[in-house]
Amino acid sequence: MAKEKFERNKPHCNVGTIGHVDHGKTTLTAAITKVMADVYGGSAVDFANIDKAPEERERGITISTAHVEYETDARHYAHVDCPGHADYVKNMITGAAQMDGAILVVNAADGPMPQTREHILLSRQVGVPALVVYLNKVDQVDDEELLELVELEVRELLSEYDFDGDNIPIVKGSALAALEGRDDNIGKESIVELMKAVDEHIPQPERPVDQDFLMPIEDVFSISGRGTVVTGRVETGVVNVGDEVEIVGIKDTTKTTVTGVEMFRKLLDRGEAGDNIGALIRGVGREDVERGQVLAKPGSVTPHTEFSAEVYVLSKDEGGRHTPFFANYRPQFYFRTTDVTGEVILPEGTEMVMPGDNVTINVKLIAPIAMDEGLRFAIREGGRTVGSGVVSKITV
């Protein structure tokens, strides 16, 4: 059967369900696909298909994730749901499934639980821009005051991690009722209300081409009589012939002008996000540029050596280390296109980090790298990946 053509007539947004085990994330995911399919067309995905999510390998890490899609009046959504807590941790840290926003599911009868807190913290650390809350299983709570108490508790928890706890929409309902097509007031209607809140509260992500120009440099060539050409895939933004750009990272930042852009040996006026290009740069010698630096819009990105990060350390089964690491561990940190050695400083009270753990660390690199909060990296030893991380805060 031929694949359906993807109709891009609505803006696209990536979301996911997060929250404590058994609070109803997968049931809610199934309920959203059902209700949205009834209202806007599309196909419902049943619970069993989401629950037995296939295992994927992303950067050597085994992650189970289920992907579903649906649409509302305003947008087309791709939605991820993970069966296990470990899958969430890995998914969020590696960025395997990008989230422009998340739906936090909290069981009204239990209130926030340890993983509720951990998923909110992870969302903060990895830069999920906005959350919306679904207070699930409200039919199991008879006492209105108890519901209000749980809502208050959730808001306080969100505020504690710098989300806008006072104003985040909290929708109350029962995902199971919606899925089973009963009690519409807490079932179907709550799902419609939830998706309206998601439409309004989760900002439309900026498309990569609308962001500032950045291209990680993969290779450098010298073309006699023409000068130096750097090649790479444009990550964000657009570069036009004649634009002034900066070369950032590893060495001192230098300014240059792009005098030519080519793709597949054809000359272009511009290169944009997603294009693999060669950029001819003026007045820069072959030995002045190297793989691992980036070409960027002047002033848009700065080089740093010290940062804190949220990392996941691969388990032995995933091909990671067999033994823990301790303070002063010095692996390579692989950013975009290159490895830089760095020293790991562990948080107070943490003696060691075991394979399979996730932990917040501080890192001191021996050379500066162009970085922003939210940048992903791999941790490597002798060319093999032993961990994955995301920059949560730049310190120097």
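Note that Cβ sites are derived from N, Cα and C of the backbone, with glycine treated the same way.
Cβ neighbour count for HIS85 (GTP binding site): 14 (other Cβ atoms within 10 Å of its Cβ, all protein chains included). As annotated by Swiss-Prot, GTP binding site applies to 19-26, 81-85, 136-139, with the evidence given as sequence analysis.
Listed in sequence order, the residues of the same chain lying 6 or more apart from THR26 (Mg(2+) binding site) and placing their CB within less than 8 Å of its CB are THR17, PHE47, ILE50, ASP51, ALA66, ASP81, PRO83. A helical conformation is recorded for THR26 (Mg(2+) binding site) in the three-state DSSP classification. Summarising the annotation, Swiss-Prot assigns Mg(2+) binding site to THR26.
Within the model, the domain 'tr-type G' (10-206) shows a mean pLDDT value of 93, rounded to a whole number. The domain 'tr-type G' feature in Swiss-Prot is assigned to 10-206.
The feature region 'G1' is assigned by Swiss-Prot to 19-26. Remote same-chain partners of the region 'G1' (19-26), defined as residues 6 or more beyond its termini with a Cβ less than 8 Å from a stretch Cβ, comprise 47, 50-51, 66, 81, 83-85, 104-107, 110, 112-116, 119, 134, 136-137, 175-176.
According to Swiss-Prot, the feature region 'G2' maps to 60-64.
Counting residues 6+ beyond its ends, the region 'G3' (81-84) has Cβ neighbours under 8 Å at 16-17, 21, 25-26, 29, 50-53, 63-66, 68, 91 in the same chain. Here Swiss-Prot flags 81-84 as region 'G3'.
Tertiary neighbourhood of the region 'G4' (136-139): same-chain residues 23-24, 27-28, 105-109, 147, 172-177, 183, 186, selected by CB-CB distance under 8 Å and a gap of 6+ residues from either end. The region 'G4' annotation in Swiss-Prot covers 136-139.
Residues 53-54, 82-84, 87, 90-91, 94, 96, 312, 314, 317-319, 385, 388 of the same chain lie 6+ residues outside the region 'G2' (60-64) yet bring a C-beta within less than 8 angstroms of a C-beta in it. Within the set of binding-site residues (CYS82, VAL138), the lowest number of other Cβ atoms found within 10 Å of a Cβ is recorded at VAL138. Summarising the environment of LYS25 (GTP binding site), the number of other Cβ atoms within 10 Å of its Cβ, over all protein chains shown, is 26. Broken down with DSSP, the region 'G4' (136-139) shows 2 helix, 1 strand, 1 coil. Around the Cβ of ASP22 (GTP binding site), the same chain contributes ASN107, each under 8 angstroms and 6 or more positions distant in sequence. There are 25 other CB atoms within 10 A of the CB of GLY19 (GTP binding site), with all protein chains counted.
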